[in-house]
Amino acid sequence: MVVRDYNTELTYIERISTNSFRIKKGFQPNMNVEGIFYANSRLEKLMFDELRNSCRPGMTGGFLPGVKQIANVAALPGIVGRSVGLPDIHSGYGFAIGNMAAFDMSDPTSIVSPGGVGFDINCGVRLLRTNLFEKDVKPVQEQLAQSLFDHIPVGVGSKGIIPMNAHDLEEALEMGMDWSLREGYVWAEDKEHCEEYGRMLTADPSKVSMRAKKRGLPQLGTLGAGNHYAEIQVVEEIYDKYAASKMGIEELGQICVMIHSGSRGFGHQVATDALVEMEKAMKRDKIETNDRQLACARINSVEGQNYLKAMSAAANFAWVNRSSMTFLTRQAFAKQFNTTPDDLDMHVIYDVSHNVAKIEEHIVDGRPKQLLVHRKGSTRAFPPHHPLIPVDYQLTGQPVLVGGSMGTCSFVLTGTEKGMAETFGSTCHGAGRSLSRAKSRRNLDYRTSCGIWRRREFPSGWRRRSWSRRKHPIRTRTCVMWCRPVTTWASVPSASSCGRLR
């Protein structure tokens, strides 16, 4: 592959509005469609600095710059529209995190790629509301935080307290939240306020390896590590009172709980197993990609179908996992306030996935088409009146949950028609990353990090050594950096703003 200098690379990238950029064909070999990415001035600098650094002599290894990853996805067989980079985009395995792409189901060459879903399949966010207010929680903040720690297992290697045997796991993988409902871990209405109603019907546990099942069995109902969290949040600002009221968010100071987790080691193993099989399928079917991390298979091949069935099972695992933690969160609150979750009005506002591939109908060149939409670090954002969103949100659009980094605000958005047309009903998912985990461990001081969290009045139990550095403000971006481009700039129309939580 020819290595170009930075100025030559820039000739393939065109600013098309204040906050959006087109990546022209030719930027990377064999591009079938153009790429596009959205960024404000600060994110723009991060993206182009990353590209500039990659052009320096001797800069090899690690992930490619996000801009090049968007372009490499644009070269995959069967892609339609554009390869889209959303405002929290940063480099990842294969696809950049914050990259979405759609593939034509009627095209026999179209592919599915585990790198377009990620290793933490159906990593997602769930938001619960309560009838509590900041004044109720502030005096017992430390005790409530400890109660959550006591109820929800956290960290690498954590084991769940939800009783489950191998037979239960098989049923949970197939049934998703229907299993949780049957076992009494969720309320019936929880399922209605969940993407796909908490169950991928295409799941087939027989396509999942025993190793994946062995890894997943003890982890149900656990938060995990990394950027996962169960966070008590306060409604700080309401932008759209009608949309907020439909979600049960009525007043400033109201307490909500956001749970961010996924399929844990189970999903990671499903992805790992699939990559091995897909490399074989690529050789057999003579599929070539610009990056070996984009290992893939034809959608309708045995390998492609097996992956989609196993991925769906992992997605169901993740919904059961978040449902189990919802149960445990309700128990923690009930214990602290000596009442019931029902009396605390602890209803699920919505649950969204941001690492998944799903078959959806979209308009392409004026005609409806069945597409396999890959969203990696990307949240579904369907508009008002869409048949796949709950009755409660038909007039507002789907709630879109965008979690902030530790110590910064999160946002609740709603999907729009314009976003449906321009980004296949997708938007950003989180704060994004400025430093890798390895760099944060090397460069960020634990005592300094703890000082920041202490000044922000974080409960002492939350100031753990690894978390303090992972969530350091220098390492992670803030939601305001990209929720403003998503919600208010005409060039990034994928969602409209409803409210802000801190």
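Glycine residues also receive a Cβ, built from the backbone N, Cα and C atoms like all the rest.
Taken from Swiss-Prot, the feature active site, GMP-histidine intermediate applies to H429. H429 (active site, GMP-histidine intermediate) has a Cβ environment of 29 other Cβ atoms inside 10 Å.
As annotated by Swiss-Prot, Mn(2+) 1 binding site applies to D120, C123, H228. For C123 (Mn(2+) 1 binding site), the Cβ neighbour count at a 10 Å cut-off comes to 29, with all displayed protein chains included.
Residues annotated as Mn(2+) 2 binding site in Swiss-Prot: C123, H260, H354. Cβ contacts within 10 Å of H354 (Mn(2+) 2 binding site), excluding its own Cβ and spanning all protein chains shown: 32.
The GMP binding site annotation in Swiss-Prot covers 227-231, 354-355, 403-406, S410, 429-432. Annotation note: M406 (GMP binding site) sits in a coil segment as assigned by DSSP.
Cα spacing between H228 (Mn(2+) 1 binding site) and H260 (Mn(2+) 2 binding site): 5 Å, rounded to the nearest whole number. Put plainly, the binding-site residues D120, E231 were compared by Cβ crowding within 10 Å, and the winner is D120. Closest by Cα distance to G404 (GMP binding site), from the binding-site residues D120, C123, H260, H354, is H260.
According to DSSP, N355 (GMP binding site) is assigned to a strand segment. The subset of recorded positions (D120, H260, H354, H429) lying with their Cα within 10 Å of the Cα of N227 (GMP binding site) consists of H260, given in sequence order. With every protein chain in view, the residue among the binding-site residues H228, H260 whose Cβ has the most Cβ partners within 10 Å turns out to be H260. The two recorded residues, H354 (Mn(2+) 2 binding site) and C123 (Mn(2+) 1 binding site), show a Cα separation of 6 Å.
The CA atom of H260 (Mn(2+) 2 binding site) is located 11 Å away from the CA atom of H429 (active site, GMP-histidine intermediate).
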